[in-house]
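Everything below concerns the one structure shown next.
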Amino acid sequence: VMAASKPVEVPGGGGTAGLSRWQLALVLGTPILLGAGAVYLWGRRAARRGKGASERKTPEGRASPGPGGESSSGQPDGPGHEEMSPLGRAQAAKNKGNKYFKAGKYELAIQCYTEAISLCPPEKNLDLSTFYQNRAAAYEQLQKWTEVAQDCTKAVELNPKYVKALFRRAKAHEKLDNKKECLEDVTAVCILEAFQNQQSMLLADKVLKLLGKEKAKEKYKNREPLMPSPQFIKSYFSSFTDDIISQPLLKGEKSDEDKDKEGEASEVKENSGYLRAKQYMEEENYDKIISESTKEIEAKGRYMAEALLLRATFYLLIGNASAAKPDLDQVISMEDANVKLRANALIKRGSMYMQQQQPVLSTQDFNMAADIDPQNADVYHHRGQLKILLDQIEEAVEDFDECIRLRPNSALAQAQKCFALYRQAYTGSNALTVQAAMKGFEDVIKNFPRCAEGYALYAQALTDQQQFGKADEMYDKCIDLEPDNATTYVHKGLLQLQWKQDLDKGLELISKAIEIDNKCDFAYETMGTIEVQRGNLDKAIEMFNKAINLAKSEMEMAHLYSLCDAAYAQTEVAKKYGLKPPTL
C-alpha cells in the first residue's frame with residue numbers, strides 16, 4: 001500500500017532479490033526481505049566465494065559422473081580391451097560421438113551415442129548414464145527439449161545424484177515451461193553443488209520469480225479483500241501531515257460555522273455519509289468507511305471529493321488498487337476541489353503506480369503534485385522515498401530538505417534524510433561520510449526523542465556496521481515509544497539471529513509480534529524463513545501461506561509464493577534424493 005507498506009520492486013534493479021537492504025528498510029514497518037530465492041540463502045555467501053563454474057557445453061569424454069569421479073571400471077579401458085568387451089565397444093562409439101559433437105555434427109553424434117547405449121551392458125549404470133547424458137547434450141544443441149528431458153531422466157534413474165544431467169533436465173523443463181519440475185531439479189543441483197555454481201542459483205531465482213508471479217496473479221484476482229490491523233492503518237495515515245481526510249472532524253464539518261445552527265449540523269451529519277465515515281474513523285471502526293463514503297458519492301453530497309479520496313484510500317489499504325484508481329482519477333481531475341485533496345490523491349496514485357512497477361507514471365504523479373501544491377510537505381516526503389527506491393539519492397535528499405524547510409518539526413523526514421545519506425556513504429565505502437551519517441542519526445534521536453522511526457532507521461544502520469548491542473538498544477527505544485508496532489519486534493528478532501545466532505529468542509520476539517498483530521504478514525514471512533533454515537520445511541510452508549493470505553499487493557504475494565515454492569521444492573528433493581540443505 002504505499003508509504004507504510006513493503007518495498008516495491010524496481011524494474012532493472014535485479015528484481016526483489018536484487019533490492020538492497022537499504023531499499024527494503026526504507027520505512028519503519030518495512031521488512032528486510034531476503035529475496036525471491038531467499039530460501040536458498042544458506043548458500044549465498046558460499047556462492048559468492050565460489051568461482052561460479054561456467055556452463056559446460058561439451059559431452060563427457062569418459063564416464064565420470066559418480067561421486068568418486070571414476071568410471072564404473074575404476075580406470076580408463078585400454079585399447080585392446082575396447083575391441084573385445086561390449087563396454088569397450090560402447091566406449092569407442094561414445095568417443096566417436098564426442099568427436100562429431102565437437103565438430104558440430106550433432107545428428108551423427110546422436111547416432112553414435114545411441115549405438116553406445118545399445119552396446120553397453122545394462123549393469124554398467126554409471127557408463128550408461130553418461131551415454132544418455134551425452135545424447136541429451138546433443139539433443140540440446142538441436143533444441144529438442146522433450147528428448148533432452150527424456151534422456152536426462154534415464155541418466156538420473158541410473159545415477160540419482162548426477163548433477164550435470166539434473167541441471168540439463170532443469171534447463172529443458174524451463175524451455176518446455178514445466179516450471180515446477182524445473183524448480184525441483186535446479187533445487188537438487190543447488191544443494192548437491194553446495195551453492196557454488198552461480199548458474200544454477202540464477203536459474204533457481206528466475207523460475208521462482210516466474211512461479212511466484214503466475215500464482216500471485218491468479219490468487220490476487222480472486223482474493224478476499226482484507227482490512228489491515230488498526231496499527232497498520234494508523235501507521236499509514238501518520239505518514240501524511242497535509243491530508244484533510246485523515247484529520248479529526250473539523251469544526252466546519254461539525255456545523256456550518258454558525259453557533260446558532262447546532263441542530264442543522266446534526267442533521268447534516270445524519271445525511272452525510274462522509275461525516276459518518278469520519279466518525280467511524282475516529283472510533284477505529286474501519287470496516288464501515290467504504291460503504292459510508294459510497295453513500296456520500298452516490299448522493300453527490302457536499303463532501304463528494306473528500307469521500308472519493310477516503311474511499312480510494314481504504315480500497316488501497318485493503319489491496320484493491322483497481323477499485324481505488326477511478327476514484328483517485330476523479331479527484332485529480334476535479335479542478336475546483338481543494339488542492340490539498342488533489343495533491344494527496346496524486347501522492348497515493350503515484351505510490352500505487354510504484355507498487356505496480358510503473359516508475360515513470362509514478363514520477364509524473366509526484367511531479368504534478370509538486371506543481372499544483374508546492375507548499376505541501378507530504379509531496380516531498382513521499383517523493384523522497386520514491387527517489388530512494390529508484391536509487392536517486394541526491395534527489396531524495398533534496399526532497400527531504402524541502403519537506404524539512406516546509407515543516408521543520410518533521411522528524412520522519414529528518415530520519416529518512418539521514419538514512420538516504422547513510423546509504424550513499426555506505427555504498428560509496430567512504431568511512432568519513434559513513435561516520436558523519438551516523439552522527440546525523442545521533443542528532444535526530446537527540447532532537448526528536450519521541451520519533452520511533454529515527455531509532456528504527458538508526459538501528460538498521462548500526463546493524464550494518466555490526467554494532468549489534470547498540471542496534472538492540474535502539475529497537476528497545478522504538479518498543480517503548482510504540483509498544484503495539486509488531487514490525488519492530490520482528491526486526492529485533494532478526495537482530496538476535498544475526499548477532500547471537502539465538503533462534504529461540506528470535507522466534508520468541510516474532511511470536512510476540514504476531515500476538516500484537518495477527519495480521520502482520522512480515523512476522524509470518526520471517527518465521528517461515530527461519531523455519532526453512534532450521535530444516536522445518538512443512539512449518540515454513542504453513543507460515544508462508546499465512547503471509548500470502550495477508551499480502552497487501554500482488555507483488556508482495558508473488559515474493560511470498562516464491563519463498564513458499566522454494567521450501568516446497570526442498571521437501572520434494574529431500575523425499576526424492578534424501579538431500580537436505582544445511583540447517584542453522
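One-based numbering along the chain as shown.
Note: Cβ is positioned from N, Cα and C throughout, glycine not excepted.
Pulled from TrEMBL:
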type	residues	note
TRANSMEM	22-42	transmembrane segment
REGION	48-86	region 'Disordered'
REPEAT	90-123	repeat 'TPR'
REPEAT	343-376	repeat 'TPR'
REPEAT	377-410	repeat 'TPR'
REPEAT	452-485	repeat 'TPR'
REPEAT	521-554	repeat 'TPR'
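Packing against the repeat 'TPR' (452-485) from elsewhere in the chain are residues 21, 25, 27-29, 32, 231, 235, 411-412, 414-416, 418-419, 422, 426, 434, 437-438, 441-442, 444-445, 491-492, 495, 498-500, 516-517: each is 6 or more residues past its ends and has a CB under 8 Å from a CB in it.
Taking H, G and I as helix, E and B as strand and the rest as coil, DSSP gives the repeat 'TPR' (90-123) the counts 27 helix, 0 strand, 7 coil. According to DSSP, the secondary structure content of the repeat 'TPR' (377-410) in residues is 27 helix, 0 strand, 7 coil.
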